[in-house]
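Chemist: Dropping the structure in here first, questions after.
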Amino acid sequence: MSDPHLSAPGSYTDSSYDAVTKQLIQIASSRRGSITSAHKSVGSILDILRSSSTPHYHDSEYLDEDFITEYTPLRVGNDVRHLRDPSSYSQLHVIESHNQDLISTYSNNTNTLNPVNSLASLKRMRSQSTLKHLKATGTLPEVHTSIFTELLILIKFSIPLVITFLLQYSLNVASVFSVGKIGKTELAAVSLSTMTANISGYCLIQGAATALDTLCPQAYGRGDLKLVGLQFMRCNVFLGLLFIPIGIIWIGLAPYVMNLIVENDAQLVSLACGYLRILIIGLPGFILFETLKKYLQAQNIFHASTYVILFAAPFNAFANYYLVWGKAFNMGFYGAPTAIVITNYLMAGMLLFYTWKVDGYQCWCGFNFDILQNWDRLLHLAYNGTISVVSEWFFFELITLSAARFGTLELASQSVLTTICTMMYQVPFAISIAASTRVANFIGSGSKESSITASKASIYLSLAMGAFNGSFLTIFKTPIIESFTNDPGVIALAGSIIPLGALYQVNDSLSAVTGGVLRGQGRQKLAACTSLVSYYIFALPFSLFMGFYLQLKLIGLWSGLVLAIFLISCIQTWGILYGSDWEGIIEESLNDVAVETGDDYSAEIRSVISTQLHSTS
């Protein structure tokens, strides 16, 4: 049985051992990065890990096809991060195998057969393990796991992500605090420019980057480590191109849009536009940080971004104070966006350094022309992911603008409620990232049953977390609201909506996590269609009817929010549990390799999937 705690989900183990030692050593000793050369020099192994000199993904030298096919046991899901540690190669022991086509495992302990530290782990750096296993044996490798095991792994993966997202959310909050002391016009300008930046910039980038939630973890689960890096580079190129229209909007079109939102306040519009012009300078840093996070998360490296943000968040707070109020610079209002720009590049630089020097470099693909090819699936996933994210963000902005029409009290209460729900959302959102990675890894490995098990575990955990968040909000509603405002009217109105907010938390948690599972499956289209229909066909008319026609005001608007998130959570849950074509999903993942190599495996893959996967139904 494979160990589901490995970095990618699972493997099939080497068979019992036989006498192939001499043949192995004779062949392997002549190859760079082989067991023999590794015993003589650690650098040769690191050379394989870091090599990016091969110009094409499908190059025969890159795949080392003959040697891998004949001598390497194709393993899915082994932990390759142990290759960072040169001490693990201080003593290598080749064990004999009964199968002439398999290479036995090596270990530091001569009395222990270690299924992780095998030459397969080394050679899978250059091979498509799942597909090769399929072609060699006619079967897909099945991994065994359990609901309890997956729950533990999801919790373990989610903890550093919660810290990361909460601290990243604090970056903009620091700007609000630092500018708010200057004056109400400046504070309103930050709010207006932040809203504009979110809708026309940040949500586009984050939506398009969800393509990596599918492509990179699935490639990692298949053992296609170089394809992980290739998809990462393609997404960066695409987002770099997307940066151009975002810049045009922020610099050229934003003033006209803001004048429509805010009438007869030229100073407010001028400040907000100036804020955006500075903010756009830091957008490339934001793009790189977001894509690097997903690149590392695909490899089950969730703590790296936490280390970075633990340093960057206090730095951002200090930079805000120093640039806005410090005597040396005394930039005033424009010091706040400048601090965000510096912090964005600092985070990107630190995470890039971590990837280069510590962990994650194993999937680096180098710079080559393959980056500019095979964009079809990336664009398809990015398009639907963008629709899903933008539709949600834009709906919330519409609700906020609608609340503003009722008066200052309702708008203030809406701001408090939105802030509370956004902060609580970071926990299920972290679970959704862990879930998408876990499910995508299993899909890449071709393991249907484990994919289903991980999906169910994610849903169970989301329900538990949603119930906890809703209960916590209900029990401690007064002190939570009072931590944001001392106004009795706002406290009373926001408190009256907390029961709806608690119900919202349960469904929002389920919606977030099921959305993550759908991204792991590569079904962003279902999430996008669900969001559009739920928010704009059902929830928006219902919110306006309840809020304005029935004069329920903010309670009416929140009734529509709860309706939307309830529909989304139910449809997405049903789509995962009862509407998932797991055979087709796994086939699509495996066909990614065929697209890269130019080979047509579709008929062969479909034949195996039809027999093996349907037999497990």
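We number each residue from 1, going along the chain as drawn.
Glycine is no exception: its Cβ is also placed from the backbone N, Cα and C atoms.
Grabbed the feature section from TrEMBL, which reads as follows:
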{"type": "TRANSMEM", "residues": "151-171", "note": "transmembrane segment"}
{"type": "TRANSMEM", "residues": "235-256", "note": "transmembrane segment"}
{"type": "TRANSMEM", "residues": "268-289", "note": "transmembrane segment"}
{"type": "TRANSMEM", "residues": "301-322", "note": "transmembrane segment"}
{"type": "TRANSMEM", "residues": "334-356", "note": "transmembrane segment"}
{"type": "TRANSMEM", "residues": "416-436", "note": "transmembrane segment"}
{"type": "TRANSMEM", "residues": "457-476", "note": "transmembrane segment"}
{"type": "TRANSMEM", "residues": "488-506", "note": "transmembrane segment"}
{"type": "TRANSMEM", "residues": "526-549", "note": "transmembrane segment"}
{"type": "TRANSMEM", "residues": "555-577", "note": "transmembrane segment"}
Chemist: Are the transmembrane segment (301-322) and the transmembrane segment (555-577) near each other by the rule of at least 3 C-beta pairs under 8 angstroms (pairs 6 or more apart)?
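Modeler: The answer is no, given that the two segments have fewer than 3 Cβ pairs within the 8 Å cut-off.
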Chemist: Can you tell me which parts of the same chain pack against the transmembrane segment (235-256), counting only residues 6+ beyond its ends and a CB-CB cutoff under 8 A?
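Modeler: Distant contacts of the transmembrane segment (235-256): 196-197, 200-201, 204-205, 208-209, 211-212, 215, 269, 272-273, 276-277, 279-280, 283-284, 287-288, 291, 371-372, 375, 378-379, 382.
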Chemist: Using Cβ atoms and a strict cutoff of less than 8 Å, what residues sit near the transmembrane segment (416-436) while being 6 or more residues removed from its termini?
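Modeler: For the transmembrane segment (416-436), the far contacts come to 153-154, 157-159, 161-162, 164-166, 169, 213-214, 217, 297, 302, 396, 400, 454-455, 458, 461-462, 465-466, 469, 472-473, 480-481, 484-485, 490, 494, 497, 501, 504-505, 508-510, 512-513, 515-517, 519-520, 558.
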Chemist: Under a Cβ pair cut-off of under 8 Å, which of the recorded stretches 151-171, 268-289, 488-506 contacts the transmembrane segment (334-356) most often?
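Modeler: It is 268-289 that shares the most Cβ pairs under 8 Å with the transmembrane segment (334-356).
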Chemist: Could you tell me whether the transmembrane segment (268-289) and the transmembrane segment (457-476) are in contact, taking contact to mean 3+ Cβ pairs under 8 Å with a sequence separation of 6 or more?
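Modeler: Counting Cβ pairs under 8 Å (6 or more apart in sequence), the transmembrane segment (457-476) does not reach the transmembrane segment (268-289), since there are fewer than 3.
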